[in-house]
């Protein structure tokens, strides 16, 4: 809710309170949004390498609170309004929030999933439900921010709209700490980035080395330092065989303990890199998925501005139409948990109902359907504009904005299957030492989709 309270109506704040031009406001919001979805990489690195997910959350939540206090001050202290430092205070607040967001985004969902034992079939099913309800709650918060908080910003005072989520944060932070005694914590190993680089460097150094036919001859420690648990090892696979060269023991080198990790890596390290590389095609495909999501927040609203937005005497703001997608998301999450998953379980035999790939594929298909419906609506709108003599005029055509409803509704379903499935995919497919880092890759897909949509 805190993040949405800042992001949803930021363009209005910059243009009406700071009196920025629309061009400057758009550019500044794009830059800020990019930071919000890039800082999770740094947050994930810190969580996986140094602090762990729990302590990263504990450190960044107070930063979030400070960011909101700065924004409250910027919106409530009259002495700032006439001062040249007012814009600096505002940007200090929103960029502190961007930094804090970078610690929260990759850690919250991953830390929640850590509470379930993936080796226990019963808990594995509950973990799938966790991701569904996690997104249900965060989307509910976004819905409240996009309605109640935005209304307060437009009709009451900006400071009040910032105080409410800040007070909730002050309540929820101690609540999060109160559960510390019952949380499950994953042990940390060496820096995942360092481990990946060691594999690449060691493999390149042995470019001309010949791989043994027997993979058991590749180097593996009895207790690998790159794992989260001493007993955890990854089995050798035949994909990306080039990187297996990093685990070739140099001839005559019996004392592997003394060998530099930049020259000799374990099979587990190599397999972790392979696991990360194997997620790239899925990640790339979801850049397109999130480009569609970006369309819902930009092009569709512009389309709505050129349609009849009156329903009786009530005028629907075009920027409010995405609420249909939010409501659809909430409905489909409940439907998925209560109806679809149990029904699919009977036919597939999968404990989760749908396999991971089935869920992602359905999300992609619904995303395609979303754009197809949007194209049909635009085709119809253009035909009406042509018939009405309005083709080259920036005025609404006599076509109801409610025709956008099915587009947003289908996209809400696409998010339930695609976006939630993507988050669970990165958690399940990620190496044990890189859960937060892979969650950050998911956030990077959102940023990349937005930039692709801009292009």
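Just so it is clear, glycine is given a Cβ too, placed from its N, Cα and C backbone atoms.
As recorded in TrEMBL:
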| type | residues | note |
| --- | --- | --- |
| TRANSMEM | 29-47 | transmembrane segment |
| TRANSMEM | 54-77 | transmembrane segment |
| TRANSMEM | 89-112 | transmembrane segment |
| TRANSMEM | 133-152 | transmembrane segment |
| TRANSMEM | 158-178 | transmembrane segment |
| TRANSMEM | 273-292 | transmembrane segment |
| TRANSMEM | 312-339 | transmembrane segment |
> Near the transmembrane segment (158-178), which same-chain residues lie under 8 Å Cβ to Cβ, leaving out any that are not at least 6 residues past its ends?
Replying inline: 1-2, 5, 13, 17, 57-58, 61-62, 64-65, 68-69, 71-72, 75-76, 145, 149-150, 152
>> Below 8 Å between Cβ atoms, which of the listed ranges 54-77, 89-112, 133-152, 273-292, 312-339 makes the most pairs with the transmembrane segment (29-47)?
In response: 89-112
> By Cβ distance under 8 Å, which residues at least 6 away from the ends of the transmembrane segment (133-152) in the same chain are close to it?
Replying inline: 1, 4-5, 8-9, 108-109, 112, 160-161, 164-165, 322-323, 326-327, 329-330, 333-334, 337, 416, 419-420, 423
> Mind checking which residues reach the transmembrane segment (273-292)? Cβ under 8 Å, same chain, six or more beyond either end.
Replying inline: 196, 199-200, 234, 237, 239-240, 243, 360, 363-364, 367, 370-371, 411, 414, 418-419, 422, 425-426, 429-431, 434, 438, 441-442, 445-446, 448-450, 452-453
